[in-house]
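Scroll down for the structure; my scribbles are underneath it.
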Amino acid sequence: AVESAKGKYAHMLFNELFEDYSNALRPVEDTDKVLNVTLQITLSQIKDMDERNQILTAYLWIRQSWHDAYLKWDKDKYDGLDSIRIPSSLVWRPDIVLYNKADDDFSEPVNTNVVLRYDGKITWDAPAITKSSCVVDVSYFPFDSQQCNLTFGSWTYNGNQIDIINSLDSGDLSDFIEDVEWEIHGMPAVKNVVTYGCCSEPYPDVTFTLILKRKSSFYIFNLLLPCILISFLAPLGFYLPADSGEKVSLGVTVLLALTVFQLMVAEIMPPSENVPLIGKYYIATMTMITASTALTIIIMNVHHCGSEAKPVPQWARVVILDYMSKIFFVYDVGENCTSPQRKKEQEHKLERDDRCQRRHKEERSHLSSRNDCDLKEKRNGNLNKSCGIHGENIKETDCCSCYKILIKNIEYIANCVRDHKANRAKGIEWKKVAKVMDRFFMWIFFIMVFFMSMLIIGKAA
């Protein structure tokens, strides 16, 4: 019975209030009086942050309240009825809009009900999905922070007609739904009074600054760590053997892999002059890999100098072969596979082999000389018997000429072997120079990659 009585009084009140009411004019008794509109913004959710187009899409609850001088009643006359809910289209509403709106849809706000109190106070709560322009600074992407402004103000009424008042010092974040990509660090509100060039009257507005901090875990695991792991492969190209034929291929493959990641970042970022931090890291790494590939080609040429090249310069022999080879533990072929004890054993073995060979040579030379003397005496005796003294002189002359020819042939063969060994030693020296240079640049590029990685990871901390 009580509810039916209140419903009866509500219909009676509605008919009496809107009998001569017009929602087209500003509801003030004195036209020179300023109407105060209280504004409150509640952020519910960040739906999207489009860095490339610089648009923030947010789900807001917009609360506006004002006093209507023509919608008042005595609640005692209506059985204590102090408030009613009516469609918002029936009452006058302030034309407060989002100034920096970036949406193609210019539709009217959602026509939700308003709460009308007996003293003329109207409260209008309306949800809205707004798309606002936001200047995105990607200099420190993916460890960046953004500040996006939401500016609300009346479109046609100036400050002498409508004054906007902040309900709170900041936006309401109590009902905010946690976002997977962004952290909210505040939403302060500031009232501004601006005089535009078109008009002399001041126009007040309220600007809510949304402070966002990007959650970088996704980008670290999907864009940064793969790049760091790939970049550590580049210095290993110097460790590959020169005869494998894969040194240059490794550098080119790593360069192509980083190019793919660079294109992925370029698709996300806006085409601005500010290069993101991860983009700078990619460019620095690609430059380093390009330099390492170029150095690998140069070192490959040094490795394949061969026996036809000039000898290793004296300064290179002293600096590279004597000092740097010991610093970077570069040995001759097979030398790095032996321990110091095995080296001593091999040296003793070589000395024993040399002694044995010298002993065998002496014995062979002694035996050959005895055989030659016996053979010479026998042949000289035969010649003396058959030819006499003249035959002996002729035979000695023939033997001397044969020995000279044999000595020349032996000297020629020895010279050829000696030259071959010298040329082979020259090629081995150039190969060792190339190997030392490989190890030197490998550690240099490892240090560069390490420090670059520490710098980029330090930004994440």
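Glycine too: its Cβ is placed from the backbone N, Cα and C atoms.
All TrEMBL annotations are machine predictions without curation.
Some features that TrEMBL has for this protein:
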DOMAIN    12-215  domain 'Neurotransmitter-gated ion-channel ligand-binding'
TRANSMEM  218-242  transmembrane segment
DOMAIN    223-456  domain 'Neurotransmitter-gated ion-channel transmembrane'
TRANSMEM  248-269  transmembrane segment
TRANSMEM  281-303  transmembrane segment
REGION    341-371  region 'Disordered'
COMPBIAS  342-371  compositional bias 'Basic and acidic residues'
TRANSMEM  440-458  transmembrane segment
Message = Can you work out the mean pLDDT of the predicted model over the domain 'Neurotransmitter-gated ion-channel ligand-binding' (12-215)?
response = 90
Note = Under 8 Å Cβ-Cβ from the transmembrane segment (218-242), and at least six residues away from its ends along the same chain, one finds 141-142, 181, 248, 250-251, 254, 257-258, 261, 264-265, 278, 281-282, 285, 288-289, 292-293, 295-296, 299-300, 303-304, 431, 434-435, 438-439, 441-443, 445-446, 449, 452-453, 456-457, 460
Request  = Give residue numbers and ranges for long-range contacts of the transmembrane segment (440-458): same chain, 6 or more residues beyond its ends, CB-CB under 8 A.
outcome  = 224, 228, 231-232, 234-236, 238-239, 277-278, 281, 284-285, 288, 292, 295, 299, 324, 328
Note = Long-range CB partners for the transmembrane segment (248-269) (under 8 A, at least six residues beyond its ends), listed in sequence order, are 51-52, 138, 141, 223, 226-227, 230-231, 233-234, 236-237, 240, 276, 278-279, 282-283, 285-286, 289-290, 292-293, 296-297, 300
